[in-house]
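Quick look at what TrEMBL annotates:
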DOMAIN    26-307  domain 'Acyltransferase 3'
TRANSMEM  29-48  transmembrane segment
TRANSMEM  55-73  transmembrane segment
TRANSMEM  89-109  transmembrane segment
TRANSMEM  130-149  transmembrane segment
TRANSMEM  161-187  transmembrane segment
TRANSMEM  225-248  transmembrane segment
TRANSMEM  260-283  transmembrane segment
TRANSMEM  289-307  transmembrane segment
Amino acid sequence: MSITTPCRPAVLRQKQVGGSAKRMDELDFLKAVFILLMVAFHLVYIGNKYPYAKAVVYTFHMPGFLLISGYLANTQKTARKFLRGMGRLLLPYLIMEGAYIILAAFLPIREHIDSLTVGTFLQHLWLKPLGPYWYLHTLVICSVMYFAIMRLPLLANWMKWTIVLFAYGALAFGLHLISFTHACYFAGGIAIRFLHKDFISFFRLGLWGFIPFTALLFWPDQLHSGTFVGVLIVYCVICGLLGLYPYFKTNGRLLFIGRNTLVILLFSPVFTLLVKPLVPFLAFDPTGMLFLVIAVSLAVGGSLVIARVMEKTHTAVCLFGQSKILH
């Protein structure tokens with residue numbers, strides 16, 4: 001299951017605004033790269049060893065996911081189907097985020113909670129998620145608001161998009177439920193769809209995108225997705241990665257990872273914690289690359305194995321509301 005689609009994991013090619021469409025392997029490729037980078041730099045050892053690289057990756061990898069999510073958001077389904085899809089994101093979010101919050105009170109992690117109370121638990125669960133699960137929190141909120149506003153009658157799409165943007169601003173600055181920067185990337189994906197642009201043709205620089213991307217790295221103080229430089233970096237990286245896609249399009253394993261980003265997002269934190277004891281045993285490698293390869297392989301492979309076991313034991317329905325979760 002992908003983390004970019006509320007109800008179906010398919011990667012879609014546009015047919016109509018807000019509707020369903022045809023699968024694009026290019027987006028699976030993008031999602032595979034983004035999720036691998038997410039896992040890599042959630043490893044504390046790697047993040048501390050390469051802080052500049054971490055800052056660069058954090059500038060574009062989750063904004064890239066949000067752009068794709070906004071582009072693929074389908075508002076043409078019935079309210080019942082849409083809410084069922086949201087439930088399949090909300091339930092695993094609540095379970096995994098809840099478990100993560102509790103563990104944060106006992107384990108020496110970066111987001112350690114000194115004193116866990118019911119109020120603290122609920123605050124992190126509903127308002128300020130810990131770990132990578134904030135993405136699902138943002139995705140559900142942005143999707144629900146977008147779906148509701150698209151049901152308004154007698155308004156042009158550009159007016160609805162404007163209302164969506166104002167609504168995201170209210171949720172961010174008034175209720176502090178989401179990051180406005182993150183919501184804007186989701187809205188940016190919607191805008192690409194509203195303009196009747198194919199996602200791939202919108203990012204048309206290809207491999208040339210890596211040239212301005214490299215130049216933009218000379219402004220390290222601007223390495224944030226909310227800056228103008230950050231927006232340009234997101235655009236250039238997506239262009240460059242799409243330029244690389246033809247060289248990887250026959251890599252079935254990579255595309256498989258891209259189709260199953262949800263389970264990796266959900267379960268990889270378990271493995272990023274478990275691999276920490278490997279650091280002293282692999283200290284003979286000063287670059288940390290051996291640890292990186294082993295840890296990412298275990299996190300991604302382990303997440304997929306958990307998902308497969310849940311399918312085989314018919315327990316997937318308890319967490320995801322459906323029996324099949326790998327695609």
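Glycine is treated like the rest: Cβ placed from N, Cα and C.
All annotation found in TrEMBL is predicted automatically rather than curated by experts.
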Key: Leading stretch by Cβ pairs under 8 Å, where the reference is the transmembrane segment (161-187) and the options are 55-73, 130-149, 225-248   = 130-149
Task = May I ask for the residues of the chain that lie six or more residues beyond the transmembrane segment (89-109) and have a Cβ under 8 Å from a Cβ within it?
result = 6, 44, 115-116, 120-121, 124-125, 129-131, 133, 136-137, 139-140, 262, 266, 269, 273, 319-321
Query = At least three Cβ pairs under 8 Å linking the transmembrane segment (225-248) and the transmembrane segment (260-283), pairs spaced 6 or more in sequence?
reply = no
Note = Over the domain 'Acyltransferase 3' (26-307) the mean pLDDT stands at 94
Inquiry  = Using Cβ atoms and a strict cutoff of less than 8 Å, what residues sit near the transmembrane segment (55-73) while being 6 or more residues removed from its termini?
reply    = 3-6, 11-12, 14, 18, 27, 30-31, 34, 37-38, 40-41, 135, 138-139, 142-143, 146-147, 181-182, 185-193, 199, 217, 220, 223-225, 230, 233-234, 237-238, 261
